[in-house]
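> Pasting in a structure now, in structure tokens, and then I'll have a few things to ask.
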Amino acid sequence: MTELLTRTPVPGAVAANPDSSEVRVNMSGAPGDSSGGASSRRSRVNSHSHSHSHGHSRPQHHSNSEPELDPTDSDLDSGEPSASLSELRCLFRWLQKSLPFLIILCAKLVIQHALGLAVGIGLFTTFLYVNKNIQTQVFLQDRHSKLQCLWLLLFLISSTLLLYYTFVTETLYHCLIFFTPTIEALGFWEILWAVGITNFIIKFLFMGIKCLILLLPSSLVTYRAQGRWLMLTEELGQVHQAIAPLPLWFRYLVTYQETDGAPGLTLGVLLALVYLILKLLGLYGQCASFLKTVRIFLIGEHTGTAATRSQCSEAGDVCPICQGDYREPRALLCQHIFCDECIALWFNREKSCPLCRTVITEKVYKWRDGATSPHLQIY
Ligand SMILES: [Zn+2]
Ligand SMILES: [Zn+2]
């Protein structure tokens, strides 16, 4: 039986715990003595060691003033500052564990709704393609290709017909004329589906009208008037898009919880009325802007007055935009003179004089460039 007797050289430790100044380390681990083999081995290695009243085997611990609390203290020290971090780590670990399940779930959803997803992607890409091409054709003006416009029109018609043919049993085209389709169990997702499809089809419809406007001979619709026609078409399309989801959501809200009896029905009617009021308020604002567009379409914008012959000769008889002789010259507020058509096309995109930047119109009316709003009118 080997006994190690160490005497502490630290006076503080003695003062704090005088009883522990002497440590008996029993190599055989006698009962009652808490110090184990590891401690005794360490005591031998660190011959200069301080008192070891307990056999905590942390080699970096040298303070023995409070030997009982040391392990817990060190745990708390490392735990408190990183509490939020450990929570995050926990969350991350949970996510890491559930990631395979989420992937499986996504795969299942994708397979289950493959057709719906494909239709959605198809509609969106068709929209992007046609929208970009119509804008290009409008930009090209007299250099635009009628063939390209015809192709876009046919593309839109065939996409629409293909879609309605695929879902012929659902009679989704009813939504276009504000009827509800004959989908069984008109639930939330079915409504969303019908509203989304209808929204795209209405966009296609009005894009088709824009193609027709481009196809008309320039003697019928001049390039000067083309911007206004396109603007009116787009505004009409937006009003149609805003009204189309109204009957669907109204019916959905009214029939909500109908099976529960009278209270459910009352709640449904209340919700539907609130929706109707909000919708009508929105439509009121939209109609105001639509009427403004119609007014501009009918009377045109006041951008300047007809220039006299003397004004034109003062300006050098050359239009600064087309660099040619003046055709129906118009003098702006800033007295700069341009051809009527040149300056009208300029104001399709800008609101100031091309020469001196004097602001002539209060705002640039959108949609004159043939663009269609990508905004999806869901409700
Ligand atoms: Zn000109
Ligand atoms: Zn000017």
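Here the Cβ of each residue, glycine as well, is placed from N, Cα and C on the backbone.
Sharing the feature lines straight out of TrEMBL:
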type	residues	note
COMPBIAS	28-40	compositional bias 'Low complexity'
COMPBIAS	41-61	compositional bias 'Basic residues'
COMPBIAS	67-78	compositional bias 'Acidic residues'
DOMAIN	319-357	domain 'RING-type'
REGION	1-80	region 'Disordered'
TRANSMEM	101-129	transmembrane segment
TRANSMEM	149-165	transmembrane segment
TRANSMEM	171-192	transmembrane segment
TRANSMEM	204-223	transmembrane segment
TRANSMEM	265-285	transmembrane segment
> If I take every residue in the domain 'RING-type' (319-357) and average their pLDDT values, what number comes out?
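Mean pLDDT for the domain 'RING-type' (319-357): 88.
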> Which range out of 101-129, 171-192, 204-223 gives the transmembrane segment (149-165) the most CB pairs under 8 Å?
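Against the transmembrane segment (149-165), the leading stretch is 204-223.
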> In terms of Cβ proximity under 8 Å, which residues at least six beyond the ends of the transmembrane segment (204-223) contact it?
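Distant contacts of the transmembrane segment (204-223): 126-127, 130-131, 134, 137-138, 141-142, 144, 146, 149-150, 152-153, 156-157, 159-160, 176, 229-230, 233-234, 236-237, 240, 341, 345, 370, 372.
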> Residues sitting near the transmembrane segment (171-192): Cβ under 8 Å, six or more positions beyond its termini, same chain?
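Hits for the transmembrane segment (171-192): 163-164, 198, 201-202, 205, 243-249, 251-252, 255, 378.
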> Mind checking how the domain 'RING-type' (319-357) divides into helix, strand and coil residues in DSSP?
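DSSP composition of the domain 'RING-type' (319-357): 7 helix, 7 strand, 25 coil.
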